[in-house]
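Annotation comment: TrEMBL describes 697-756 as domain 'CBS'. Sequence annotations record features per position, and here TrEMBL assigns transmembrane segment to 73-93, 142-163, 175-195, 215-232, 244-268, 280-297, 318-337, 357-374, 436-462, 483-507, 513-534.
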Amino acid sequence: MHAQFDDEELEEIRRYEDFSTIDWIEDSILERNRRIRASRQLGNASQHRPRGEITMEWLRCQWRRLIDTGQSWFVVSLVGICIGLNAAVISIVTEWLSDIKMGYCSDGWWLNQQFCCWEVDYDETDGCESWHPWSTVTLARWMIYILFAAVFSFTASHLVRHIAKYAAGSGISEIKCILAGFVMQGFLGFATFAIKSITLPLVIASGLSVGKEGPSVHVACCIGSLVAGLFSRFARSQGKMREIITAASAAGVAVAFGSPIGGVLFSIEEMSHAFSVKTMWRSFFCALVATVTLSAMNPFRTGKLVLFQVTYDRDWHFFEIIFFIVLGVFGGLYGAFVVKFNLQVAAFRRSYLANHGVAEAVTLASLTAMIGYFNRFLRTDMTESLSILFRECDNLNDNLCQTSVQWRFTNSLLLATIIRTGLVVISYGCKVPAGIFIPSMAVGATFGRMVGIIVKAIYRAYPQSGIFAFCEPDLPCITPGTYAFLGAAAALSGVMRITVTVVVIMFELTGALTYILPTMIVVLVTKAVGDFLGTNGIADEMIRFNGFPFLEKDDHAYNVSVSKVMRRDLHTLTESGMCVQEIENIIATTDVKCFPIVASATSRTLSGYIGRTELRYVLEKARKVQPISPNTLCSFKPETTTHDDLDLAQGPAVGIEEDVPTSLFDTATSGDGLKFWPWVNQVRAALVLASARLKLLAPQTPITVSPQLPLEIVMQMFKRMGPRIILVEDHGALAGLVTVKDVLRFIATEKPDRESSWDERGGLDGFLEELWMWTDGAVQKFIAWTSRAVVRTPALSPPLRPGSVSQSAEFIPEWKPRHAPNGLQGIHHIKALSRHTPFPRTSPFLFCTMTMTIASDSERQRYSQELAAYTLRQWTAARSLLDKRRINAESDQRFMTPAEQAKCKQANNLTHNDIEKSRAVKA
């Protein structure tokens, strides 16, 4: 007996299944029909209302219309307020936890170092009597620092692993896929939001080389999803829900950088898959509300939205463009390096550390604390470090600007750049909330400040040089803080591969129009270097690494038709003749998401398709209304023209807003069968229902294409129209279907011709491969030369052709004599020589000569006979190989120069003479 489903289980069936994709066309039809019904209700109320009279029905319709219009803006405002409050709380807790590792405040344990020493200049906190370090002994302070880092990382990773696994990582890659239509149940849930909000300050305070800006975007999207889910309009419409999530992502970046316009551009450039003007305005409004809320909270009590917000009042000079280009090149190289090797670390983590997330996080945090404690720019919190590096020397009471110690700080900055880069590579992606925005900016800032100090030192050493002719004698010429600022922009652009967003964010951080042009120059150079190296942003690479169904925005030529990609072995349903038991067996034995519907099993004439979710929902809903026999016939053919039933044909089961009329299922026991047609996406709706209201049903026609259509066109249809599947129809007959996952599977296996290819463009992969081959060849040559020098054997002729004869280890296995002498040490030299010396260079007489010098007289005869027999066997086997390769060499002599042909002939003769001599040994 079939198990009965309650209302909650039926509601679960109506939702999209986890790790599936949304059909944007059906979702748009659902929203359209909802508006039509609302408009019709308002029209009916107005039509039956006497002129000049106000009825309750008319008032209710007007009130619903007003709520429907203002509901979106109310939700966006509420989401922005919640995001601003959450960001302020996270910032305050993070600052306190970061300072508690170094000491405590005697005036109140809840005060961080800045608030504890409020009356003292923050850069001169050594004079603050209220702030006390944990110990006056350096070793003890170091150990306490490491202990706090380990405790914070253990707590965060433990909570993530046992409560909300989706809280790990940045979350930007997954949100991009969700906005593109990918369904991940629980990724934006309350548990993820709570755990990520709690653990994010712990992770930042632990000192791991990760940031909070990426996770802040994830937390903001969780808030948007949770708040919008409270309203039925957004809970039932996947498209409307994603509009709110897009606006929330913009607000998350806005509060992270204090940049509302930059947040909107980030949601357009990086996050949104299909952006509309309406969504842009809502994103802007949400970012504005979140930023105003954060500003009203004023978490730092300085009026700044972020700690590293600075202002510049100095101008730049045209000769500095040379050094700006250097910063841009560094940003491109840094981004390519981090993306390349972080993916390798991620692969290693997936293979070997998947079940050891807590231990990995604790180890990384402890290692970072051990190394970074003795470097000022690694020990200090990254946001605080950025605020110090960005500032001008006039506004910085710090010995960083003193000329007497500039080279010591230059070395410290260089060391911090190198160490931080390595830590970012191994830390990003561990099983804690981890972003990469601020760590990359910290790397770029240390490198940029170092370049600025060097340029300033050059100016002081050669002030009369022609390159500094634009500098005024009484004013500062070089501002190292601006180099740190531009270096941070270059590193962020290089690792994320975003351009306009970085320029706008940096402008909003400084508020100066003066440095827009230098920022644009640096970002453009960074993009050019990244394009040359063929790298994508780390978010896109993580999408590809995790195998999420996401089509890139870039267009590529594949030169194949859709018939090469489509699925041919399909599970189909017929319009009529199938019973409930057959359909339930198909659902139980398959895991496909959609079932094409054909007129009959023989004709294969396509009629439409129905989703797996819709099948399950209709079956269980009908069974809930009244018992259904397993032999009840099912119909997928439209046979009614009543308006009530037509209104049901509005997309997937997740979109059905009202309870299904029981009249649809009453015929199940009367012999007419169970009708599925309201949920069938019909190809020939216009032909079958010519007398019905086609405007409600015709738009639900599924997309069909010809088998000869190029794959690139199908990919554009998926990107711009968003269907779940595309049916392939050949002269009216079903030929196959294609989904986004099928396209991605083809892309992963075919590796098409791309402009951004690593190997063809001489990218980082090609460079490293060439470097490795060159190094390996040099080492092999050195080993071979050393072996010949050790055994003092004269070099004979080269092999047949360069690279045509392999080393002797290819066909001479290791020899273990039965009667080896006790003092036989020379055999190790023979083995080494056989491994590293090419075949024709080693004569059998060398083995025999060494044998005669490493054994006593009584053993020499027996040992030499064994060696001679072994040599003859192996060289006889090698002769056949040489004959084959000599034929190949002679056939290819037309491609050789006369000198090469002479060398090959000499090598062949010498090889033949060696074999003849080896035969004489046995004799």
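Note: Cβ is positioned from N, Cα and C throughout, glycine not excepted.
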Feature contact check the transmembrane segment (73-93) with the transmembrane segment (244-268), CB under 8 Å, 3 or more pairs: yes
Distant-in-sequence neighbours of the transmembrane segment (483-507), which means Cβ under 8 A and at least six residues beyond its ends: 253, 257, 259, 261-262, 265-266, 269-270, 310, 312, 323-324, 327-328, 330-336, 338-339, 386, 389-390, 436-437, 440-449, 451-452, 455, 513, 515-516, 518-520, 522-527, 529-530, 535-540
Same-chain residue ranges lying at least 6 outside the transmembrane segment (280-297) that approach it to Cβ under 8 Å: 72-73, 76-77, 79-81, 83-85, 87-88, 220, 224, 243-244, 246-255, 258, 260-261, 263-264, 267-268, 305
Secondary structure content of the domain 'CBS' (697-756), with strand meaning DSSP E or B: 25 helix, 16 strand, 19 coil
Arithmetic mean of per-residue pLDDT over the domain 'CBS' (697-756): 78
Distal contacts, the transmembrane segment (318-337) - CB-CB under 8 A, six or more residues away: 421, 425, 440, 443-444, 447-448, 451, 455, 467-468, 470, 478, 483, 486-487, 489-497, 518, 521-530, 532-533, 535, 538, 763-764
Selected stretch (most C-beta pairs under 8 A with the transmembrane segment (73-93)) from 142-163, 175-195, 215-232, 436-462, 513-534: 215-232
For the transmembrane segment (513-534), distant same-chain residues with Cβ under 8 A (at least six beyond the ends): 312, 315-316, 320-321, 324-325, 327-329, 331-333, 335-336, 482, 485-486, 489-490, 493-494, 497, 499, 502-503, 506-507, 754, 756-758, 761, 763-764
